[in-house]
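First comes the structure, then the notes that go with it.
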């Protein structure tokens, strides 16, 4: 049903069809994150088939992950232009085509193209829209919704690890890729669940605009902001301004580059770029490491399942904890601790020399990995707010793709050079501990600066000598609201609704 008040966008429903959207995001995010890790089951055999080194075979997952993250701005632009539903469905189609094509590859370079670039780009079109649309359907319950959606990654990984080993034993890696390509087409079904939340109000806005045009006999522009017919105002200057827009201004309509002036966003960006240098390599090499120590194939694959089962519980639990009144106001500290805890697990991994030790490591790794993934996007939205989140995700992922691309190959080079996996785990652990420490210190500084700025603002408002006009007050309110997090979204929407009514929209 249409909302009672026409022309005013509804707030997030925090439920209803939103839980179906969470289920669709659960499937899409699960494939986007788990699929590159699940392919590690085939690496040892593909390496022997093509006669490549550890570093060369690691580029397959690395290129796929880097493309998934690097295509973030493209995905964000497409979501802003067409919405989440068609983008996810097209991404699912690309994933299926990429994996089916990979089944016919005759060289490692062709695998880089089919699996790395084509399938990776399809996964990018699944990941970004799934994260973005949750922010449109949820506000109060958003950490819980994000935690449930992010749980798709461990569920898929827990399923894909033994499934891939079963498929390889029965059909070989080529037949397995054909079947996996068909399975990835389920992302199209998940995308069909992403019903646009603005669909109900778009028709109402159009009807109101038409009635206003008939009543005032004026010309309303596409965005409904100006009427020139009734006032007989020439529009030549406006047309010239539109034609004079350069490429940067057009891109800035979809990607908000003013975020690079946002202190909290820059801290998050630097910490995450450093973190991803050691984030994915331990998962990529966990099963090959187990096989290297003499463990059989199914037991090595079972380590990924253990990691995924613990991860599966950790993500929703982390979402519930992060949504509590004690943690949510300082969620950035919790995120920093999770990253450092993840790094500590990798530093202790070389001590696990037996299969029992690897089970313990996989359990703690799954807990730490789930904590980081559950808060990865929630902390970003907490910093920039839901209105700027789409642009923020695109800018963050394009910056992260460089370290994601280099992480696994650097680990493979260390393995090829020293003939031992422990140096790879030590490198990843040290990098992540450093990233967690950096985020903790800088977030402490950011919180102190925000409190100081808020205190200065209140002091100026209480000072009788500081006289401000109404327009200046409204301008400062708008500037503050664009920098704050999602707490001010309902008030901001109400202000925008009143402004649209005053303009006669």
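Placed from the backbone N, Cα and C atoms, the Cβ positions cover glycine too.
As the structure is a computational prediction, the values presented were derived from the model and not from experiment.
Ranges compared are 207-227, 228-248, 333-353, and TrEMBL records transmembrane segment for 333-353. The transmembrane segment (423-445) and the transmembrane segment (333-353) are in contact, since at least 3 Cβ pairs between them lie under 8 Å (pairs 6 or more apart in sequence). Panel annotation: around the transmembrane segment (298-321), residues 34, 37-38, 40-41, 143-148, 150-151, 153-158, 161-162, 164-165, 283, 286-288, 290-291, 327, 334, 338, 355, 358-359, 362-363, 365-367, 369-371, 373-375, 378 of the same chain, lying at least six beyond its termini, place a Cβ under 8 Å from a Cβ of the stretch. Most Cβ pairs under 8 Å with the transmembrane segment (17-36) belong to 175-194, among the candidate stretches 90-123, 175-194, 265-286, 333-353, 389-411. Remark: the transmembrane segment (57-78) contacts the transmembrane segment (389-411), by the rule of 3 or more CB pairs under 8 A. If you look at the transmembrane segment (175-194) against the transmembrane segment (389-411), you find fewer than three C-beta pairs under 8 angstroms, all six or more positions apart, and that falls short of contact. Taking every recorded stretch in 265-286, 333-353, 359-377, 389-411 and counting its Cβ pairs under 8 Å to the transmembrane segment (144-163), the highest total belongs to 359-377.
Remote same-chain residues near the transmembrane segment (389-411) are listed as 55, 58-59, 61-63, 65-67, 69-77, 79-80, 124, 128, 131-132, 135, 254-257, 259-260, 265, 268-269, 272-274, 276-281, 284-285, 377, 380-381, 383, 424, 427-428 (criterion: CB distance under 8 Å, separation of at least six residues from the stretch ends). Same-chain residues lying 6 or more positions outside the transmembrane segment (359-377) and placing a CB less than 8 Å from one of its CB atoms are 33, 131, 146-147, 150, 153-154, 272, 275, 279, 282-283, 286, 303-304, 306-316, 318-319, 322, 331, 334-335, 338-339, 341-342, 344-346, 348-349, 352, 393.
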